[in-house]
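**Q** This is the structure I want to talk about, given as structure tokens.
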2 protein chains.
Amino acid sequence: MDSLKIGIAGVGTVGTCVVVKLLGGAVKDTTITRLAARDINKDRGFKMPESQWTQNALDLADEDDVDVLVELIGGADGTALDLVRAALANKKHIVTANKALLAKHGVELAELAEKNNCILKYEAAVAGGIPVIKALSEGLAANNIFRINGILNGTCNFILTEMETKGAGYEETLSIAQELGYAEDDPTFDVEGIDAAQKLSLLSAIAFGQKPNENDVLTRGISDVAAIDFEFAKGFEAVIRLIARAEKKIKSESSSASISGTSGEVVQVVEPCLVRKTSVLSGISGVTNAVQFETDMVDVILQGPGAGGEATASAVLADIADLSQFMKSGMRVTPHVFGRSVSELVASQSETEVMPSQWYIRLNLKDAPGSMAKVTSILAEHDVSIEEAVQRGPQNGEDHRPVVFITHKCEKSAIKNALVALEAIDVIAKDVNYMPVI
Amino acid sequence: MDSLKIGIAGVGTVGTCVVVKLLGGAVKDTTITRLAARDINKDRGFKMPESQWTQNALDLADEDDVDVLVELIGGADGTALDLVRAALANKKHIVTANKALLAKHGVELAELAEKNNCILKYEAAVAGGIPVIKALSEGLAANNIFRINGILNGTCNFILTEMETKGAGYEETLSIAQELGYAEDDPTFDVEGIDAAQKLSLLSAIAFGQKPNENDVLTRGISDVAAIDFEFAKGFEAVIRLIARAEKKIKSESSSASISGTSGEVVQVVEPCLVRKTSVLSGISGVTNAVQFETDMVDVILQGPGAGGEATASAVLADIADLSQFMKSGMRVTPHVFGRSVSELVASQSETEVMPSQWYIRLNLKDAPGSMAKVTSILAEHDVSIEEAVQRGPQNGEDHRPVVFITHKCEKSAIKNALVALEAIDVIAKDVNYMPVI
């Protein structure tokens, strides 16, 4: 039996771990034949002959002794994209950890893979070391997926957990996360929910037959979450988490076609949520990730490390092991990148109307007679009905006081319209926040 | 492309769900060709031509139009064993939910599968609808597994959770579980830990390269757990769960061979444990199952429904989907049943010395001067050192009072020897319990 010949592009923390484990025999019947890195002279703690190294990653797409290209360069475009395109065109299989690449160019690359009878695997692109892609696409292969709930960004989850336990504000906690290396100097990609949206778009593609596209995900980051929201959350026996959710929108009963999984009526949202303690997701702390799949037959939850060199390497190596097994079994027909042929994937529709839910609304209410009456009547006018209300005394002698409502189930549009109307009256100060309750 | 031809033996709750889903197109490119059941005239809510039914399950092993035999008869021996043997001999692939069969005859059947180039899959045999076999054998394919912790028996977990929330005794709660259908009339198989031991032996086989054998699992059931243990547990911020644990025993440093995963030095234990609230497993309630894999690269936890028709069917169908994919890809070399060739599996050694841990010991101490001194000196003589002790007043005017110790880390043998010595002195009454703390 021939060994699977592996070329690795990008030998940083993850790549180094992959190389060391492969050299240690972590996956049988594999050989590293090529390595590409900008600095090929750096001491990475392992030795490979100089002839196997190149500074030009694109070389790997042309080498005859590469069966599988492992792309660990990163970035949605540039070298990573050029390399994966060229490698697929040359009938090389791909293993990548690059969520940005797939959330932007996934459809094109899946088409290219199909055309060339290549496998493109990306377990490491979502939830790091947790085998969620495999669990969803193979472990739940026969299930009809109703809903995905995920904590997919460790940076946000760390910040929110810290704010919860320390009672600290957002900016202060972000600085701590940056000092600890959990957040980048420019944290936008993480804290604005973009990273989670990219990952969610890949899960949605598999679960619902959507063309993956991060732009189809309604995304709101965590920067509006304030220390006081955690105080209120505690009173409701809940915590605050950035939740990535995708679900099949059930149309009116006359249209039963909408539950086929390929109707395009899928809603994808990333936003901070009030998570009741009865949900397993409320217990996910720090940089841990978790994904819950709700289906017609089972409801399963996977949790583990969402990032880090070893966790990501674990997923990359599992993909390599799968490829090795496929090579042995003959490789006549390769599995589809997103669980079905690209021609079967449907374009998802950017939805502004998302799934109805209960909502948490925090207002800053002027401490004057009739304020509360004005607010509640505006909410009522917009069909937002109140289940619970909590009002605190004014803080630090301010003339406003925070008030929180938990609404009955309603559409997000009702909440947003009500907030617009509320902001137009004179009893509400700035610093409003709202979150769905799950 | 030919369709995968499926014969199903045993059409009860699980089998019926599998048939209905397959007829509904849950797994592409499959056809049900044969069904075997004792009562073939029963209305099961679906229609199949009479010619496809047989009352003699063994017929399915001989039919040319069966590529995959789905064995849902159950039982370690008898028809299930005869059928799987005959089907493998006739080069048919197997999907089974039968943990008892594999925990007893797994090695023989894996050999037969290898010899005939057949695939034998059993996702449904462990943790029902949670894809733990796939996660372990494929998702963590390149990982070195250090330890498995599992809640693998829903009946026990239901009983323990009920005792915890209701403050009720064991016998009383067992009756409730029986009334609700969560426990059998003869509950031995579940409550004595045998079911969990069978499942653990299969996970251990994959994780550590052991020959699966339920007799290698040190097994103690939940019938000694009393209501008072939950009261004490609460004081220690812990709960009580039946935990199935397997771990690689690290030998002295001179013997580094023991971490190769095939050394035979693996300890497998099923017993009630005091689980601190810091562990995710403490939050697993009711009939839910959960499995934690601790490895060199990641620590992941999967949870979901461990039993039930739909959950089990979900796993059976995932196995069928995998087989369908393998058929398409050429099927030259089939994957091994327990992750490596049977010739590489090592016999595990029944260990009496298990992994050291902290221990919870509950004694019934005579309410007399010097009792405590006698007990603590006997514990000290056996090198059992105490971290915490809690003593309650005598209950219902009895002349004994419960006392609980949490020990420092020590071997189980030390605890057992100390208990023997303690039971020989006159200050201890019957009704002693001990559990590791995790």
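The backbone N, Cα and C atoms fix where each Cβ goes, and this holds for glycine too.
Please treat TrEMBL annotations as automatic predictions, because they have not gone through curation.
As annotated in TrEMBL:
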ACT_SITE  B:LYS199  active site, proton donor
BINDING   B:ALA9, B:GLY10, B:VAL11, B:GLY12, B:THR13, B:VAL14, B:GLY15, B:THR16  NADP(+) binding site
BINDING   B:LYS99  NADPH binding site
BINDING   B:GLU184  L-homoserine binding site
DOMAIN    B:360-437  domain 'ACT'
**Q** For B:VAL14 (NADP(+) binding site) and B:LYS99 (NADPH binding site), determine the Cα separation and express it in whole Å.
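**A** With distance taken Cα to Cα, B:LYS99 (NADPH binding site) is 15 Å from B:VAL14 (NADP(+) binding site).
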**Q** Give the residue counts of the domain 'ACT' (B:360-437) per reduced DSSP state, in the order helix, strand, coil.
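**A** Helix/strand/coil tally for the domain 'ACT' (B:360-437): 23 helix, 32 strand, 23 coil.
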**Q** Mean pLDDT, the domain 'ACT' (B:360-437)?
**A** 87
**Q** How many whole Å apart are the CA atoms of B:GLY12 (NADP(+) binding site) and the residue listed as 'active site, proton donor'?
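**A** With distance taken Cα to Cα, the residue listed as 'active site, proton donor' is 21 Å from B:GLY12 (NADP(+) binding site).
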**Q** Ten-angstrom check, please: count other Cβ atoms within 10 Å of the Cβ of B:GLY12 (NADP(+) binding site), all chains counted.
**A** 15
**Q** Measuring Cα to Cα, how far is B:GLY10 (NADP(+) binding site) from B:LYS199 (active site, proton donor) in Å?
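**A** Cα-Cα, rounded: 21 Å.
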**Q** Roughly how many angstrom lie between the C-alpha atoms of B:GLU184 (L-homoserine binding site) and B:THR13 (NADP(+) binding site)?
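**A** Computed Cα spacing between B:GLU184 (L-homoserine binding site) and B:THR13 (NADP(+) binding site) is 16 Å.
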**Q** Using all protein chains in view, find how many other C-beta atoms are within 10 Å of the C-beta of B:THR13 (NADP(+) binding site).
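**A** Excluding its own Cβ, B:THR13 (NADP(+) binding site) sees 14 Cβ atoms within 10 Å.
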**Q** If one looks at the chain holding B:LYS99 (NADPH binding site), which residues at least 6 apart in sequence have a CB under 8 angstroms from its CB?
**A** B:TYR122, B:ALA125, B:VAL126, B:ASP195, B:GLN198, B:LYS199, B:LEU202
**Q** Test of understanding: give the count of other CB atoms lying within 10 angstroms of the CB of B:GLY10 (NADP(+) binding site).
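**A** There are 24 such Cβ atoms around B:GLY10 (NADP(+) binding site).
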**Q** What are the sequence-distant neighbours of B:GLY15 (NADP(+) binding site), meaning same chain, six or more residues apart, C-beta distance under 8 angstroms?
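**A** Same-chain residues close to B:GLY15 (NADP(+) binding site) (Cβ under 8 Å, separated by 6 or more) are B:ILE8, B:ALA37, B:VAL70, B:LEU72.
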